[in-house]
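S.K.: Take a look at this one; I'll ask things after.
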Amino acid sequence: MKRFLVVGAVAVSVMSMAIGCSKSDEHAGHKEMANQQAASTSTNDVTKDNWQVPEFTYTDQDGKKFGSQDLKGKVYLSNFIFTSCPDVCPPMTANMRKIQEDLKAEGLNVEIVSFSVDPETDKPATLKAFGEKHKSDFSNWHFLTGYALSDMEKLARETFKGTVEKQESQVQGGKPLFQHPVQFYLVDGTGKVRKFYNGMNPDQALIKKDVKEVLGSK
Ligand SMILES: [Cu+2]
């Protein structure tokens, strides 16, 4: 269930390999993924490429409305998850949790936004339980649902140049599997994506450095 997606961005050619959360092959665990590879510069900086997060209003893990208005002027890290993901999302969420702790310890004011790619299964209570399991601090971490799958497909494709897609196979218990990006995206106060990182193996020091830079420049 591995797929390669080659995207030509304006300035750089970013090859991003999104993977499906799937246990179906010979390897039971999550699969290694190459996060990104810029053709000439090997940078994860997409500041010049205008990856703009559109205006949105969705629903958070408490069933409250949450959207781009709440993020105006704020720097945030974003990713895609689904709670029945058998392999990638649990470790990726644990990594995000470590980053949340680290940034908090440094007094850096950063929000975290996790978009569910399975809005049908992931109701607010489901997301809340998932966050609790991973010891997410909900004071600045927002797990979102309350939209159609097609909205996430579009958001992934148009803003983050990645793929969200329902797979043919299912996880145990009959829930659907989804392919989704495994990056952490750093978004600035204007809703523009500045950098991205491999969510399975994020460079915490680099993220901290970049966050300070983006917070400083707004
Ligand atoms: Cu996943």
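Cβ coordinates are placed from backbone N, Cα and C, and glycine is handled just like the others.
From TrEMBL, here are the annotated features:
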BINDING   Cys85, Cys89, His180  Cu cation binding site
DISULFID  Cys85-Cys89  disulfide bond
DOMAIN    47-216  domain 'Thioredoxin'
SIGNAL    1-18  signal peptide
S.K.: With every protein chain in view, what's the tally of Cβ atoms within 10 Å of the Cβ of Cys89 (Cu cation binding site), excluding that atom itself?
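M.R.: I get 27 for this one.
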S.K.: Summarise the model confidence on the domain 'Thioredoxin' (47-216) as a single mean pLDDT, whole number.
M.R.: 96
S.K.: Enter the number of other CB atoms within 10 angstroms of the CB of Cys85 (Cu cation binding site).
M.R.: 26
S.K.: How many neighbouring Cβ atoms, not counting its own, are there within 10 Å of the Cβ of His180 (Cu cation binding site)?
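M.R.: A 10 Å sphere around the Cβ of His180 (Cu cation binding site) contains 30 other Cβ atoms.
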